[in-house]
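> Take a look at the following structure, please.
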């Protein structure tokens, strides 16, 4: 039987979108995700009450479209906005147009190493991730298969989720296996702030009972000493893990924190780490128990496959940060990814709504904290761009 050749890539386009969606933090007033949450900027009183006050939402969403010669379009969304759109249009597009969509390994390699002198992590790798995800979406659509088929197929019949949001008690009602809360007070608020954190944890434990997971997302806000004291105090209330407690660049601090926390408590991080080389540092230095790459920020699916294999060899679980369908299609195929995160993007959060609403159509959500693999059985990542959202193409090439 002759091999069927897929159409080559004809066009790459990059757009920006404002408002809630792939930029998790670009939300309106009164949203739990922007309510006095501890951050590295909390040391400055002017930037303590709101994360938007220091510009957490300045980038907005990046939309990457990749069109094949037959008119099939793959797309993806991530955080990056106009600066990332410039990188996609002016630099990365040259490595895709005229190429076969099956050449994703070579394409990734060329995107990464051509930008290494000004990239390596952060915004540039966000842009690379968006392109890579759009490429996988295109490949799935051309082959009329869901992405998880292309990654080796499902290793279980369903996904199970924990929920991130300010109301773990509601997460329990919705059937999630656990609830991860934002930490509201950082070191600059002293002992009183630490006491408020513990009081909040104690109150939530009384609401959810002893058998429901409770975790803290510290969003890089702490130092090793404060994180250690917080973990020890939280142990009495059954905190399952302490997440991203310190700067993602402080591998030595994470190594120390992992030694310091009470026995049985997990240390997790990786949301703001990127590429196999960054995660290699976390694993070889034994910085954490669970790594949490965001597939839209760490290098895309192509790189996450390498990160996951490295983690498997080191006996570490991979539980990706957020990422909606881009994470779901990956987690369902990995033995060392036993559950997934669901970001509760309702402002309350008192309802289960699609993570990237309103930017995507057809985005599945957990039912009673679970999702059947059949919910992913559509070509590519199985979602469409909402035609009603305002997209802007700031650059061309």
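The chain as shown is numbered from 1 upward.
Glycine too: its Cβ is placed from the backbone N, Cα and C atoms.
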> Which residue of 189, 243, 303 does Swiss-Prot report at the same Mg(2+) site as 217, 271?
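Answer per Swiss-Prot: 243.
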> Hey, of 25, 51, 217, 243, which of those binding-site residues are within 10 Å of residue 294 (site 'Increases basicity of active site His'), Cα to Cα?
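The binding-site residues passing the 10 Å Cα test: none.
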> Return only the integer: C-alpha distance in Å from residue 25 (substrate binding site) to residue 271 (Mg(2+) binding site).
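Residue 25 (substrate binding site) and residue 271 (Mg(2+) binding site) have their Cα atoms 14 Å apart.
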> Please state whether DSSP places residue 294 (site 'Increases basicity of active site His') in a helix, a strand or coil.
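For residue 294 (site 'Increases basicity of active site His') - judged by DSSP and reduced to three states - the answer is coil.
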> Other residues near the Mg(2+) site, CB within 8 A of the CB centroid of 217, 243, 271?
180, 218, 219, 244, 268, 269, 292, 321
